[in-house]
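Enquirer: Got a structure here, written out as structure tokens. Questions coming.
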């Protein structure tokens, strides 16, 4: 063997067999540290969850090597016979899980799935309605800083000031006045049940499409804990992570064949090129997991745990927006503790409790300060926390916030936060992740 060939073989051996730790210790170290953070912290960010080892294996598979522009059976590249199997499984499982006639599993994210629907059903300058960001909507539902707010004429609806519930009379009035081409229902920080039937009635009255973004509650819909929008909406979108507990990505569902054709063309070639086949494999695995009876129990536990956490926080003098929760999340009004969301997020983070600052309806604070935090139970429930643990977590949160109130500074109360941190580490140690103890 020549010296050049020997060098090539040696390089190939390293390339195909060396570990991440050997090749890139900096990235390996960052991943190791993140794993440690996840193991030892309580994750209460409502949009986050923990995937199974099976999903991790699928997403980290050699499918990442394959280009597959197009759809199963109609690809622009050869060698797609096996990734076709993967995508077809993902599609069929998604349809079965949500009772839909058509599914597109290629969107790379929640933003891209919503963009694809807009591309399929709207023209620039068209009017659509969406939930105001300050009432619990999403950036892609018409925020002025987002493409959805720049390309279209957006009419936002909101919640009532007295009870923070959706004002369906306002939705109907705005629809009649503005004649939108599309009405978008769904949000990221609304803790009550959505009345899909009423939304469809309003949409039909004004001749609009009804689009539902169920990204946050898809797992609860699949698990029978929230009414499904699929029988009512012209088109539904959802991320595949959050309460659905899959890899990060998006999906679009419809029962209308004509809309399905438009959606497929909008996703590819309209918006994306080659799909991420390793992620689609992870989606397929997550859908299979969600079709099992155990997932229904998981979804029930998510809601039970959220209600327990909300009630515990209320018992410590905190206000919950709308008075409680019917799903996986809640908005906590921090004003009774004289705290802002920014301060509370930082203080809880120092105590190993992860959440995000969040505006509350009619919030007087700036968006990067806020009067509230958003809390969710999907990740903790996946880990095995039950009602007892979430009551304990509620007490720990109150302990940190009370300490913050006494300190009345950005630095917080170091003694209280350290004491809570030790309790959090003890709690998380009883619920190991990925076979890891301690």
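In case you wondered, yes, glycine gets a Cβ from its N, Cα and C as well.
Keep in mind it's a predicted model, so treat the numbers as computed, not measured.
Residues or ranges marked as (6S)-5,6,7,8-tetrahydrofolate binding site in Swiss-Prot: 133, 137, 138, 139. Summarising the annotation, Swiss-Prot assigns site 'Plays an important role in substrate specificity' to 241 and lists sequence analysis as the type of evidence. Summarising the annotation, Swiss-Prot assigns N6-(pyridoxal phosphate)lysine to 242.
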Enquirer: Give me the count of other Cβ atoms within 10 A of the Cβ belonging to residue 241 (site 'Plays an important role in substrate specificity').
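Expert: If we count other Cβ atoms within 10 Å of residue 241 (site 'Plays an important role in substrate specificity'), we arrive at 27.
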Enquirer: Measuring Cα to Cα, tell me the gap between residue 138 ((6S)-5,6,7,8-tetrahydrofolate binding site) and residue 241 (site 'Plays an important role in substrate specificity') in whole angstrom.
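Expert: Distance between the two Cα atoms comes out at 16 Å.
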Enquirer: Using Cβ-Cβ distances, find the residues under 8 Å from residue 242 (N6-(pyridoxal phosphate)lysine) that belong to the same chain and are at least 6 apart in sequence, listing them in sequence order.
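Expert: Once residues fewer than 6 apart are set aside, residue 242 (N6-(pyridoxal phosphate)lysine) is near 46, 47, 48, 49, 215, 216, 218, 219, 378.
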Enquirer: Other than its own, how many Cβ atoms are within 10 Å of the Cβ belonging to residue 137 ((6S)-5,6,7,8-tetrahydrofolate binding site)?
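Expert: Its Cβ has 24 other Cβ atoms within 10 Å.
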Enquirer: Measuring CB to CB from residue 139 ((6S)-5,6,7,8-tetrahydrofolate binding site), give everything in the same chain under 8 Å that is also at least six residues away in sequence.
Expert: 111, 133, 145, 146, 148
Enquirer: Within the same chain, and leaving aside 133, 137, 138, 139, name every residue whose CB is within 8 angstroms of the centroid of the CB atoms belonging to the recorded (6S)-5,6,7,8-tetrahydrofolate site, in sequence order.
Expert: 130, 131, 132, 140, 141, 142, 143, 146, 187, 188
Enquirer: Pop the Cα-Cα gap between residue 241 (site 'Plays an important role in substrate specificity') and residue 137 ((6S)-5,6,7,8-tetrahydrofolate binding site) into the table, whole Å please.
Expert: 18
Enquirer: Give the number of CB atoms, excluding that of residue 138 ((6S)-5,6,7,8-tetrahydrofolate binding site) itself, located within 10 Å of its CB.
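Expert: There are 23 of them.
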Enquirer: For residue 133 ((6S)-5,6,7,8-tetrahydrofolate binding site), just count the other CB atoms lying within 10 A of its CB, please.
Expert: 23
Enquirer: Tell me whether residue 242 (N6-(pyridoxal phosphate)lysine) sits in a helix, a strand or coil according to DSSP.
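Expert: Going by the DSSP assignment, residue 242 (N6-(pyridoxal phosphate)lysine) falls within a helical segment, counted as helix.
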Enquirer: Let me know the DSSP-derived helix, strand or coil state of residue 138 ((6S)-5,6,7,8-tetrahydrofolate binding site), please.
Expert: coil
